[in-house]
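Here is the structure we will look at, set down as structure tokens.
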Amino acid sequence: MDISSFLLPQLLRKYQQDVYNIASKQNTLLVMRTGAGKTLLAVKLIKQKLEEQILIQESNLEHKKISVFLVNKVPLVFQQAEYIRSQLPAKVGMFYGELSIEMSEQLLTNIILKYNVIVITADLFYLFLARGFLSINDLNLIIFDECHHAIGNDAYARIMNDFYHRAKAVLSKKHFTLPRIFGMTASPFTGKKGNLYHRLYQWEQLFDSKAHVVSENELADYFCLPEESYVMYSNKLVVPPSDSIIKKCEETLQGCKLISRAVKTALAETIDMGLWFGEQVWLYLVDFVETKRLKKKALGKQLSDDEELAIDRLKIFVEDWKNNKYSDNGPRIPVFDSTDVTDKVFKLLELLKATYRKSDSVRTVIFVERKATAFTLSLFMKTLNLPNIRAHSFIGHGPSDQGEFSMTFRRQKDTLHKFKTGKYNVLIATAVAEEGIDVPSCNLVIRFNICRTVTQYVQSRGRARAMASKFLIFLNTEELLIHERILHEEKNLKFALSELSNSNIFDSLVCEERERVTDDIVYEVGETGALLTGLYAVSLLYNFCNTLSRDVYTRYYPTFTAQPCLSGWYCFEVELPKACKVPAAQGSPAKSIRKAKQNAAFIMCLDLIRMGLIDKHLKPLDFRRKIADLETLEEDELKDEGYIETYERYVPKSWMKVPEDITRCFVSLLYTDANEGDNHIFHPLVFVQAHSFPKIDSFILNSTVGPRVKIVLETIEDSFKIDSHLLELLKKSTRYLLQFGLSTSLEQQIPTPYWLAPLNLSCTDYRFLENLIDVDTIQNFFKLPEPVQNVTDLQSDTVLLVNPQSIYEQYAFEGFVNSEFMIPAKKKDKAPSALCKKLPLRLNYSLWGNRAKSIPKSQQVRSFYINDLYILPVSRHLKNSALLIPSILYHIENLLVASSFIEHFRLDCKIDTACQALTSAESQLNFDYDRLEFYGDCFLKLGASITVFLKFPDTQEYQLHFNRKKIISNCNLYKVAIDCELPKYALSTPLEIRHWCPYGFQKSTSDKCRYAVLQKLSVKRIADMVEASIGACLLDSGLDSALKICKSLSVGLLDISNWDEWNNYFDLNTYADSLRNVQFPYSSYIEETIGYSFKNKKLLHLAFIHPSMMSQQGIYENYQQLEFLGDAVLDYIIVQYLYKKYPNATSGELTDYKSFYVCNKSLSYIGFVLNLHKYIQHESAAMCDAIFEYQELIEAFRETASENPWFWFEIDSPKFISDTLEAMICAIFLDSGFSLQSLQFVLPLFLNSLGDATHTKAKGDIEHKVYQLLKDQGCEDFGTKCVIEEVKSSHKTLLNTELHLTKYYGFSFFRHGNIVAYGKSRKVANAKYIMKQRLLKLLEDKSNLLLYSCNCKFSKKKPSDEQIKGDGKVKSLT
């Protein structure tokens, strides 16, 4: 393949061709001014490697390699990738940002296969190499854009040192070629000439390259420097007045972390630009924090108190100020005085007015230092609506150090495009546009803020590329000195580069060996090539600590402790949090503290790799992520419940095995109990089987006509003798009754081991089969229909035919048309007329739910002359029974499948319960596995929790969750079901009466009407069968039976069949042995409260140790593992109660009821009732505040319990209280030898404290209801506000008096300047809840304080804070 024709026709200039000839043959560092075509040369080199790769692949000489274009800014990824795509037919990949955190091995493996070139940020590429997803051997070219950044620990330097030079050292051993290196820069260094020589030499060593400098003389014929001049402005700075919005906010909100940076930003803008600019910052930040709040709430995240405070206070300040100074049309017009607008801004404005007075074709870039400056300058020009000026800001995407101004990558790209096309002609940019970004050629470049380095100066000046362009620098007298220093350094740089151009001065330099800034200690993972260094090890340890189980009150991080060492040397020991249970590691000595810490971190990472806690790609084993991956996999496999697979149905052995010479048989009598009128009298049937029949209870049938029918099977224990004559008679009877009930002809394909016959109602001797069978009726089956001779022939149970050839069009006699025709007729024209109702061809008695609600077709009633009618020698009662037969056989078959299922897996459950467990909703019966699946799921969670708790006793909580998830996940249950061939027992096929056919028969009318041997099942349905089967055994036979089926199915629990066998895997006496020397003084109080005495007191102590206590000496464990198991135990106790309490509740309803009892708020309240919060061992001041806050709210709202019995359900509760309760329940469970009986106190405690879950009513959001109600009344002057009250308190000690400042949040609802409802608390959420409860009380009482009529439809102005009057407890912020 020749790709040369694809390259856009860009002829290289002479200097470019010279560079290309060199760079195509050797590693090269190119130093050339901005805009001279460095990127074009890089693309030419990529094209060369692409052509070589094509030839190599065609010859099958080497595996595929790719080219890498490295950049140091994300916008450059988009820019360079787009340019390469426009020039080459290569497949170009873009990689940037945080993709590395969750980068999968599969994705990165596909890079080589999918792309020819990748454009990637340097830091991310380093991680690709460090984690072994790519290697130097996979590359043929590495391009370093702006390579002058390769200093110190920069990613460029680390890539070369850690991977390129390491690969070069073993090049001869591994037999591979190194990639070509091409570095590009316009500003290699700042400072003295000697320093430049030294730095270039170091770069040559680092990049294994030769530097090539293109001097300005070589470029003189192609480029000209812009005209450079200065604009001097006054040094006078603006001091914000004391009554300004910025000063007031600075004084009042100085403690709010959220806006501390905003204060700095606004003040900086005010001082440098003017008061108007500072005001715009505040307006922007108010919108920002409100957007941040809404986003957090949309994601279900809780706002911190500081964030809530900042939002509410800022809104109050700025809203009032905005109402006074702003119109509805936008920002106020700035005043051109020395306060509102500084001299610097004024001179910029005058300059732009002069430039754009006559034309808008000039392109201008204004470089500023701060993002906020770019934002406000752009807004300033738009507010003034200057003619011919279309300004827009261009800033970076990352968070600012001083404010939350940012621009997404897409907006950056869009802004540049609009600047290129002329929609914008003034671009106000930060440093993001100085270097590398392809800003179009500009006529005017303005440095609004001074350059701090030569690089900044050269790069920004390089943006002025148009002919006759200008470069203006704004300076005051102090900045002029700085600029002169920059010019001097730039002069040295130009002189040095001129000397270096086309010279070999490097060869004469004596320089130290290549600078190495990375570690000498490294570890390479042989399987992946991932490389661990000391520098990477430190961040890896912090990442590992972030994966540990913790709550908001606990933070984990590695601890470095200095160890004794020789003078001038340092040595450190690193210790991970005790929750890891990993021993400390000591590093080798080093001459710097930083290097010594890296050595210790390196040794610890090696230990973690050996333990399997860091994987082969140097990624910490994050069980939270592994759980999420499992859930994602499960969701991907199960998300489409419409995805189904076909499985063979199990056919009962009783249906298939037919003895060759049958002499004995078994009999069941089929009765019904629906006898509402003659229409629903059913003739009893004899059900004869070749095999003994399992005991089956009665079952209910239902259809769209008539009442429900209860089928009773009376099985006779003794077998009966049968001969060939009687057997032949039964076969004929069976076929006739089936045809009679289905109204179609049947052909028997294979013999069946069951037969049907009408019961002899006059039989008194049940010892012989021939006595039970109504032989006379069977013989009548085969008689021809006889015409009606007389009206006396017509009876209520007579089945009539109009056409003797159409035996399935049957009618029932209903009466005569006129009573005068009750005498015999001698002539046809005088024959009486009979009213006849057409009988159904077939009936489905397995209709439930929506199918049973369908309106049946009305039975047609017609009149016939009796002489035209024929009598079928079968009673209408038998016809009714025949219509039942398909549904009876359908149900019996399902029960036989369930019986075989029980027999195969040796289960201890009833047949009807097993049948329910195997029946899905698709069968459309009056029962399915829904409830049993819920029941079994709860037991499986308990069993899996105990299993992983016992198998992994020293692992963190996340790992327990992960290992449990592997057992209880639907993916695992699906695999279990497939391995056990469980799908064949599924009962998911509904009875479709039109197409149903009994086993062994086929309808003569259609080949499609055969016995169904296949069924379609979804993956989720199959997984649910496992849990439903467990639930069936648990329901009928208890815990041991449930364990046995788990063992039979091999779901992953420990190999036990008896509940007491859990104790074989648990040593009560040695558990929590690390606490043997730690005292817990509250044991007796807790035992007295719960009424249980512990054998192992350490278990009880462990249940009350919060993770924050693990910083204490002698504490090496916490309650997290106990809380994990206690959660499952408590779930099971509650579900046991709910399942039996509400037998008609669906699984969804049961889940809601369970959530009411076991949610965090309910459990925290129970823990509070038991006073558990008083005994929690912790080291967190925040936890003390949370406990105090929670206790205050509970005690306050207990007084209003009659109005809202479930008040605690609305309070934001501390999770550690609920965790402690679950841990304590687990401690009792373990201490009692896994006995659920020991927890009998739990259920009464929950029911008495929480009440009945079914009585709770969701009242909706009260605030929303009130808002809507007042809006409907036409009121416009209402709303909510949050204020803060700081209460000072003192505490006397022996030495002095300590002052404390406590913050309280006040949430108020106001109407027309008056506070209607008010809530006060230490937490914003709880203050709002209190306010809502008082608002609800007013609404329920229909209080005039809330609901009075008003006339404010024409008044839109809201009251100020001064107008809102409280009760003296709340002060307005203003």
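Glycine residues also receive a Cβ, built from the backbone N, Cα and C atoms like all the rest.
Looking at the stretches 145-148, 817-820, 837-840, 921-924, the one that Swiss-Prot records under the feature motif 'DECH box' is 145-148. Listed by Swiss-Prot as binding Mg(2+) are Asp1219, Glu1222; the candidate from Glu1088, Glu1117, Glu1123, Glu1340 that the record includes in that site is Glu1123. Mean pLDDT for the domain 'Helicase C-terminal' (340-517) in this predicted model: 79.
Annotated pair Gly35 (ATP binding site) and Glu1123 (Mg(2+) binding site), C-alpha to C-alpha distance, rounded: 64 Å. In sequence order, Gln1273, Gly1274, Cys1275, Asp1277, Arg1311, His1312 constitute the residues six or more apart from Cys1350 (Zn(2+) binding site) in its chain with CB-CB distances below 8 Å. The closest partner of Glu1222 (Mg(2+) binding site) among the binding-site residues, by CA position, is Thr39; the full candidate set was Thr34, Ala36, Lys38, Thr39. When the C-alpha distances from Thr39 (ATP binding site) to the recorded positions Glu1123, Lys1215, Asp1219 are tabulated, the minimum falls on Lys1215. For the domain 'Dicer dsRNA-binding fold' (537-628), the DSSP counts in helix, strand and coil order read 37 helix, 14 strand, 41 coil. Comparing 340-517, 537-628, 1083-1233 for CB pairs under 8 angstroms to the domain 'Helicase ATP-binding' (19-206), the maximum falls on 340-517. Highest Cβ count within 10 Å among the binding-site residues Gly35, Gly37: Gly37.
If you compare Cα positions, Ala36 (ATP binding site) sits closest to Lys1215 out of the recorded positions Glu1123, Lys1215, Asp1219.
Compute the center of the Cβ atoms of Glu1123, Asp1219, Glu1222, which mark the site for Mg(2+); besides them, the chain residues with Cβ within 8 Å of that center are Tyr1119, Gln1120, Leu1122, Phe1124, Gly1126, Asp1127, Ser1218, Thr1220, Leu1221, Ala1223, Cys1226. Excluding the listed site residues Met32, Arg33, Thr34, Gly35, Ala36, Gly37, Lys38, Thr39, the same chain places Met184, Ala186 with Cβ atoms within 8 Å of the centre of the ATP site Cβ atoms.
Close to Thr34 (ATP binding site) in the fold, though at least 6 residues off in sequence, lie Ala186, Val458, Gln459, Gly462, Arg463, each with a CB less than 8 Å from its CB. Straight-line distance linking the Cα atoms of Met32 (ATP binding site) and Lys1215 (site 'Important for activity'), rounded to a whole number, equals 61 Å.
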